[in-house]
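Novice: Here it is, the structure, as structure tokens.
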Amino acid sequence: MQIGKYQLVRKLASGGMAEVFLAKAAGPRGFEKTLVLKRILPHLAEDAAFVEMFLGEARLAAQLEHPNIVQIFDFGEAEGSFFLAMEFIDGPNLRKLVKRAAEEALPPAFCAKVVAAAAEGLAYAHEFRDVETGEPLGLIHRDVSPDNILVSRQGAVKVVDFGIAKVAGQGHRTLTGVVKGKVAYMPPEQLQAKAMDRRVDVYALGVVLYELLTGKRPFDATTDVSVMQAILFESFIPVSARRPDVPVALQQVLDKALAKDRERRYADCRALQDDLERFVLSTGEPVGAYQIAQRIAQWVPEVAAAPAMTPSQGGSKGAVASQAKADARSASMVSPPVDSTSPTTPMPRSLVAPVEVPADSTSPTTPMPVAIGGVVQALEPRSSPQQDTLQSYPVVVKTPALRADASARGASRPRAQSRASGVKVQAPQARDEDVVAMAAASSPPSGGASPAPTTPEDADDAVHTRSTEYAATVPSGRPGGRIAGIVGAVVALLVGGAVTVMRGDDSEVSPVRVNPPPLTHLPREPAVPSQGGRNVPQEKPAANVNAGARDSNDGAQAKPQVSTDVSVVPQEPHVARDATTPEAGLPTVKDAPPENGGAASKEGSAVVAKREPAKASGDPEPNPSRVRERAPTQKVAAVAKGRLEFRIRPYAVVSLDGKVLGQTPFAAVEVPEGRHTVRLVNKELGKDVTRTVDVKAGQATVFKLNLEAE
């Protein structure tokens, strides 16, 4: 998925205001930079006042450059959504370490050092002055929490989202409880909507330090309301009550940082940093970037990467463009598509036939004929620098003698075995006049299905059991002795037929007689319109098929007569995509008039494959052979749909009709109209709620629920 000039790799996190993605920015000559993209959620992007405030704060935060602050590189808009491009930190946030602390106590010196580094970054922001006027800006973070402090695997501590929380905390934009746990880090003056200063961030850092030491929050409260009551009117639980081994000096730092009266609190983050650094020095333990990195590697050994994004998933988990291209390349090598309406690369001057075989990755440019159930098919090559050379020579394909019993065995063989046998390709010969025209194949055994697909839908199944015989000729003259044309049509699914080799030296055309096994005996059916618009008769008496060929050099004619005692039904010939496209530079196959004989056009004209319809033999007894027609495709009426958006407070994993959609927030989804069952799960709150929602076609429905009130 692309956002502006950035390619999304995978989703990292989501919150009440935005969702965060790992992204890449590409440049010339292979330049590439990994960064993080934070995209504002659509419902906030629709508020012009919010966007204006957010843009102003983004400009301000972009000026902050400090080792302990995540740097902002870019701000932009794409597809109606605003985003920030910022520095990528390879490592966890402190929330993961808090969870670790609930299981195993973290060293006090380590906790103090990490919080001191965050305090240094915040102190820099608090003291930042306007570049033009030199006046202090009085910038306050207002949203310090373990989620917004990151620790890289190199031991660097970084404060993120500086300035964005200030926008969210303005007046009517205080989204209490939307981002989980934020209320727990607010001092009393912030909850009372009093004037705030940098001591707001001091209090929040004190709560973060308390959690790192104990794995718990300072108050035993579970809801936002009870937490607010505790912050305003209750004393926090002493850290010594939960962890007696915490040194007294560090307990005193916590008492001062968490004072309800801000006048008794540290005046700024710089003062808090100083006391924490003194404590670290007093322990006598070296705690620097190297020691922090070692601890992170020990406690958080790996960060599981989400699956790369795919184009169809959009903003959900999943892929970069290079991965999508690689998947596309792999798919094209496994099963090249067959499109009969829009040709792409012209076929080389070898064989033209319907294609539905995997490409050989070892030889991607040479057309490789493959025998599938007795039908020889050639693989269309991909374009390559060697293609012109390959197209300059005819490719002669030699097939073994066709026998009814051999063809039946080939049809009953597994597809993988059939593909690997029956065809040999020899190197180009010196004679340019040699051209191979393949116009026949054996039928499947009784009751079997023919394996010769003609459209992508028919690639893995075949239901036709028709048979007929054709002969085709090819113009063989061309200035310079080169081949003027090649065979443009190969009839698919033929019971009887011949392999005719036509030469440009006036040699006769000699079809080879094949005696196929009888067709499948099916019950009597009424006449069914065929693909060509003709009616398929119920009875199919024996037919005589006459095919003619004319040499384009001197007008000499050769009219071999081929007849079988097998009942046949006329059928429109199946030809490859490029054989029917004039601009592909290849011969075109057309229906011939019903009279006997046929002629090939002169040099440069199209090849005409002629056939005659079946003629009744006068036998009163109907032939039991039947034509098995594909049932007409029924178009399914489109289901009316509407859009459903989920606004859950604080968040939840949403399932719709038993299918998991993901964790909120996420974009609105398109669902069929009607009543649906919604399940919301929030493990942190211990909530599992099921509701129903009615969706109307063509309308947007918003599902709102506050899980904390449930």
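Heads up, the Cβ atoms here are built off N, Cα and C, so glycines get one too.
Sharing the record's features from Swiss-Prot:
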- 1-482: topological domain 'Cytoplasmic' (TOPO_DOM)
- Leu12, Ala13, Ser14, Gly15, Gly16, Met17, Ala18, Glu19, Val20, Lys38: ATP binding site (BINDING)
- Asp143: active site, proton acceptor (ACT_SITE)
- 337-348: repeat '1' (REPEAT)
- 337-369: region '2 X 12 AA repeats of P-[VA]-D-S-T-S-P-T-T-P-M-P' (REGION)
- 358-369: repeat '2' (REPEAT)
- 483-503: transmembrane segment (TRANSMEM)
- 504-710: topological domain 'Periplasmic' (TOPO_DOM)
Novice: Looking only at C-alpha atoms, tell me how far Ser14 (ATP binding site) is from Asp143 (active site, proton acceptor), rounded to the nearest Å.
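Specialist: For Ser14 (ATP binding site) versus Asp143 (active site, proton acceptor), the Cα atoms are 16 Å apart.
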Novice: Cβ within 8 angstroms of the Cβ centroid of Leu12, Ala13, Ser14, Gly15, Gly16, Met17, Ala18, Glu19, Val20, Lys38: which residues besides those meet this for the ATP site?
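Specialist: Near the ATP site, beyond Leu12, Ala13, Ser14, Gly15, Gly16, Met17, Ala18, Glu19, Val20, Lys38, sit Arg39, Leu41.
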Novice: Specify the count of other C-beta atoms within 10 Å of the C-beta of Gly16 (ATP binding site).
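Specialist: The answer is 20.
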Novice: What does the structure give for the C-alpha distance between Ala18 (ATP binding site) and Asp143 (active site, proton acceptor)? Integer Å is fine.
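Specialist: Cα-Cα, rounded: 14 Å.
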Novice: Rounded to an integer, what is the Cα-Cα distance in Å between Val20 (ATP binding site) and the residue listed as 'active site, proton acceptor'?
Specialist: 17
Novice: Hey, what's the widest CA-to-CA gap across Leu12, Ala13, Ser14, Gly15, Gly16, Met17, Ala18, Glu19, Val20, Lys38, the ATP contacts in the record, in Å?
Specialist: 14
Novice: If one measures from the C-alpha of Asp143 (active site, proton acceptor) to the C-alpha of Gly16 (ATP binding site), what distance in angstrom results, rounded to a whole number?
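Specialist: Each residue's Cα considered, Asp143 (active site, proton acceptor) and Gly16 (ATP binding site) end up 13 Å apart.
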Novice: Within 10 Å of its Cβ, which one of these binding-site residues (Leu12, Ala18, Val20) has the largest number of other Cβ atoms?
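Specialist: Within the set of binding-site residues, the most crowded position is Ala18.
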Novice: How many neighbouring Cβ atoms, not counting its own, are there within 10 Å of the Cβ of Ser14 (ATP binding site)?
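Specialist: Around the Cβ of Ser14 (ATP binding site), 19 other Cβ atoms lie within 10 Å.
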